[in-house]
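J.: Taken from Swiss-Prot, the feature domain 'RNase H type-2' covers 10-198. What Swiss-Prot lists as divalent metal cation binding site is 16, 17, 108.
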């Protein structure tokens, strides 16, 4: 990881999101406070890890972290608020769910939600800050599992493969079968499938 200079505080939470780009399902966030006495080897951006390694780290993070929490904003909230505001809301929910209050929050990306504690956005934080990497892994494994579950209910869309992202296959099936109740109606490809835009 590129060296990151931590704020002078003890209880640092890392926050990341997964699922801003997909056309279906929730945006899922996680907040993690790691335990310095129980280091976790191999934390890295969850997108760069194999699925097997991610699943192994997911269990280890949940076991060793001082506190962890998941947050989410559902498809209907994304449609009501827009994806940016829904993501900020989901991040607030993840931080609020921590059973230990952090002294400082580090958030992946370039903007922070309003929080009751000091926070800082860290560009490429998922590959620079261990707490954000851990949050990224929890959020991704959780959302991927939700897409696999949705795939069982709607096998024709291939959600387990593309995780709801707008792949050519997903767009083809959206045009063929229309949108499910889980699709984000404010996203242009879904609007087109519903005949809401030409």
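Every residue gets a Cβ built from N, Cα and C, even glycine.
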J.: Validating a neighbour-count step here. Other CB atoms within 10 A of the CB of residue 17 (divalent metal cation binding site): how many?
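T.: Neighbour count, Cβ to Cβ under the 10 Å cut-off: 28.
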J.: Out of 16, 108, which of the binding-site residues has the smallest number of neighbouring Cβ atoms within 10 Å?
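T.: Relative to the other binding-site residues in 16, 108, 108 has the fewest Cβ atoms within 10 Å.
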J.: With a radius of 8 angstroms around the mean position of the C-beta atoms of 16, 17, 108, what other residues of the same chain does the divalent metal cation site pick up?
T.: 15, 18, 29, 30, 91, 107, 109, 125, 126, 132, 135, 136, 139
